[in-house]
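For B:Ser56, B:Arg59, B:His142, B:Lys162, B:Tyr171, the entry in TrEMBL reads CTP binding site. The ATP binding site annotation in TrEMBL covers B:Ser56, B:Arg59, B:His142, B:Lys162, B:Tyr171. Per TrEMBL, Mg(2+) binding site is recorded for B:Asp68, B:Asp70, B:Asp119. Residues annotated as domain 'Polymerase nucleotidyl transferase' in TrEMBL: B:38-142. The annotation domain 'tRNA nucleotidyltransferase substrate binding' is assigned in TrEMBL to B:157-266. Summarising the annotation, TrEMBL assigns domain 'CCA-adding enzyme C-terminal' to B:285-430.
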2 protein chains.
Amino acid sequence: MTDEEFAAVVEGVRETVDPSTAERERMEGVAQELRRRAEGAVDELPVDADVLQVGSTARNTWISGDRDIDVFVRFPTELDREELEEYGLDVGHSALPEGHEEYAEHPYVKGVVDGFDIDLVPCYDVEDAAAIRSAVDRTPFHAEYVAGRLDADLAADVRLAKQFLTGIGVYGSDLRTRGFSGYLTELLVLAYGGFREFVEAAAEWHPPVELDPEDHGDETFDDPLVVIDPTDPERNVAAVLSADNVARLQHYARDLLADPREELFFADQPAPLSDAAVEAAIAERGTTPVAIRFAAPDVVEDQLYPQLSRSLDGITEALDRRGFDVVRSTAMADETAVLLAELAVDERPAIERHEGPPVHVREHAAGFFEKYADDESAYGPFVEGERYVVERPREFETAAAFLRSDQLLDVRLGTHVASALEADHEALIGEEVASLAGEFGVELAQYFEPEP
Amino acid sequence: MTDEEFAAVVEGVRETVDPSTAERERMEGVAQELRRRAEGAVDELPVDADVLQVGSTARNTWISGDRDIDVFVRFPTELDREELEEYGLDVGHSALPEGHEEYAEHPYVKGVVDGFDIDLVPCYDVEDAAAIRSAVDRTPFHAEYVAGRLDADLAADVRLAKQFLTGIGVYGSDLRTRGFSGYLTELLVLAYGGFREFVEAAAEWHPPVELDPEDHGDETFDDPLVVIDPTDPERNVAAVLSADNVARLQHYARDLLADPREELFFADQPAPLSDAAVEAAIAERGTTPVAIRFAAPDVVEDQLYPQLSRSLDGITEALDRRGFDVVRSTAMADETAVLLAELAVDERPAIERHEGPPVHVREHAAGFFEKYADDESAYGPFVEGERYVVERPREFETAAAFLRSDQLLDVRLGTHVASALEADHEALIGEEVASLAGEFGVELAQYFEPEP
């Protein structure tokens, strides 16, 4: 790689990600109007409050085409929670007459103005970020910290970094992605002094990597990347980031440096697999995929994906424990949700080995021996090493039999997944899994044609 | 159990194991004659030496029907090894004119007199057992130690103990059995003060169990039973005893105490299985037995069985490592030798998971990535946790393919087993194993109808 190649690629990406003057002016016009409306509504309230714009559009790190404007109304801490919510909604509805209420930490109003998606959110005006009452109270501190440090060049590099992280699939701190948040990206570009410097550093990381921009951290974290929040010494900004995504960033950072190209910045969703292509992949791999399919629980994604993940762990552990070796597994959700496990072994013999206690633990051992000595269906007990061992009939000789039994519901499942399975579900075995291609062709392509 | 029941059983066994007066007189007559002949031969030698009878027939712990008489000729330590061997054979041949030479620690002469099997063995007259030059030098010390302490009642209880250990299959310190030697049995009966006391103690053992009759041990041993040799503080008399056999003794000791019966004293070899019975057992268990059969190496059993055991470990580890899960395994030897492993899984998919290095180990990781990135036959590399992972074609999709490949010879094998396999062998898969019933019907019965 030459520096020129890298610079040329970056220039090309900038043309896409940097908002045009017209776009910027339009956004600023809408934001200004919104702030004005909100301030007018605050004047009608019996309490004082200030209005501030936060998020990427407030600090010049938004990417062309982003249409999210976040306006916060900051109330005194003397207000109790009900008052804050009431006043917050008052301001929201009067600033966004067409808006509707949603609920995150507090209820808030969401609406569309001139094509921009507006969130109008109440929060408390706490003394510092360590004193917050809910996560949204922290946002103004982040806004202030970053705004005071990012000049135009660094802000432009943050846009590049966000686009790169998006392109390689690791941008977003939602619990489906478990990637890099906007704030984390800003702190990393600030810490390393630019996009290229960030990429070069990431290529060399040896996790756990610890950054503490304000040098005030005093807790220890068990995460692959630790970035102590400059506004809160007790918080790791990268807490939600998965080890996979750290490794992915490292992989693609090296790839970008070795062979700079614009395509790395722009996600390339694979073409969906057809039923026939799934069947062909199964045949080529010689495995037995199995899937549990059910109506996707009606909860937000940040609830849904951790529950799917926990449920998938529960099912793969249960399969592995019964000798149905899982090669790989994944969860998918759209209208229906699917827990898919690909098995290397889908059938076991009629017997299973079952180790008893050491013979010298007399009472235990005698109990075990008596239990099986007269059991015609068991081989043994015999002695192996210091223990009694029997070979007894296996409960499930096939993975299909287990997955179609009531015991599927006894595995560790997310709460809403458990209810959904109890209501209704189907088990797909082997080639039957190909029928998922209609709803999940892209996810199956990602599964059967895995990229870093 | 009542004491009467136990006593009645013991009385019954005594009738079988105690030699009659006539038998005893016949044995003593032969032994005396042998000692006389040996002493006569020693008189012809240019050195002095003494003649002594050792072993169970010398100390009244032989079981009716045993026909082994061991006579040792003990030479001064000034002799070098060649002289000892020459003089030893001279005495042997003149005492046993019909005898032939065998080789253990030294060459010695073996012969038959009046139906008794006689070993005439030379050894050195060392100062104490810690100063021995070879294992046979220790034997006279054992003989002397036991003879001085076993009265007629204890000797009778040693006979009971030997018969019990024989009946439950754990008597003999050869490397096939890895059980209790005669000397160990004598020490245990001495230590606990009788047969019943020994059985009651064994039923309660919590291995590791340590006995040190002379209270002079100073080494530590990593064995389930440690009995410090009264004639050598550095030796565990039970070193060769396996954990299985300790556990077996404990099991049957409890069984004997709970339900005293003579059958426990008398080995009950199972009826051999027929080919059809083996096939039925395989079908019932749903497993895939596999066997490697070859000409039994022409070495003594104490060499053969450890080599078979090591080779069986080598093969089962190689099968397990390739995903062909071994349920149980055994080795058998007669004219041919057989390494048998029973598989729960005999077929794996076309692909296998292969973990690469952590992505952050940059050079290693890059090498791994490059190796597989352009490999059309591999899936991935993709990232899982902090590592690269690929799914690559599996070398052996069936256990049969592995066992019939050259790689079978790369597993850890005993030296003579390796040579035998190189010369010729066959792999039997699944029902083909039933053809072993002709030579190994009893062993297959022991395998498919396992007892403690």
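Even glycines carry a Cβ here, placed using N, Cα and C.
In terms of C-alpha distance, the listed binding-site residues B:Asp68, B:Asp70, B:Asp119 place B:Asp68 closest to B:Tyr171 (CTP binding site). In this view, the densest Cβ surroundings among the binding-site residues B:Arg59, B:His142, B:Lys162 belong to B:Lys162, judged by other Cβ atoms lying within 10 Å. Among the binding-site residues B:Asp68, B:Asp70, B:Asp119, not one has its Cα within 10 Å of the Cα of B:His142 (CTP binding site). Between the C-alpha atoms of B:Arg59 (CTP binding site) and B:Asp68 (Mg(2+) binding site), the distance comes to 12 Å.
Using a 10 Å Cβ-Cβ cutoff, B:Tyr171 (CTP binding site) registers 22 neighbours. For the pair B:Lys162 (CTP binding site) and B:Asp70 (Mg(2+) binding site), the C-alpha distance works out to 18 angstrom. The two recorded residues, B:Asp68 (Mg(2+) binding site) and B:Ser56 (CTP binding site), have Cα atoms 8 Å apart. One way to see the shell of the Mg(2+) site is to take the Cβ centroid of B:Asp68, B:Asp70, B:Asp119; the remaining same-chain residues with a Cβ within 8 Å of it are B:Val54, B:Gly55, B:Thr57, B:Ile69, B:Val71, B:Asp117, B:Ile118, B:Val121. Between B:Asp119 (Mg(2+) binding site) and B:Ser56 (CTP binding site), the C-alpha separation comes to 13 Å. Within the same chain, residues at least six positions away from B:Ser56 (CTP binding site) with a Cβ under 8 Å of its Cβ are B:Trp62, B:Ile63, B:Asp66, B:Asp68, B:Gly182. Taking every pair among B:Ser56, B:Arg59, B:His142, B:Lys162, B:Tyr171, the residues recorded as binding ATP, the greatest CA to CA distance is 18 Å.
With DSSP states grouped into helix (H, G, I), strand (E, B) and coil, the domain 'Polymerase nucleotidyl transferase' (B:38-142) comes out at 32 helix, 33 strand, 40 coil. For the domain 'CCA-adding enzyme C-terminal' (B:285-430), the DSSP-based tally of helix, strand and coil residues reads 54 helix, 51 strand, 41 coil. Taking Cβ-Cβ distances under 8 Å and a sequence gap of 6 or more within the same chain, the neighbours of B:Asp70 (Mg(2+) binding site) are B:Gln53, B:Val54, B:Gly55, B:Thr57, B:Ala58, B:Ile118, B:Asp119, B:Val121, B:Thr139. Neighbour counts of Cβ atoms within 10 Å were compared across the binding-site residues B:Asp68, B:Asp119; the minimum falls on B:Asp68.
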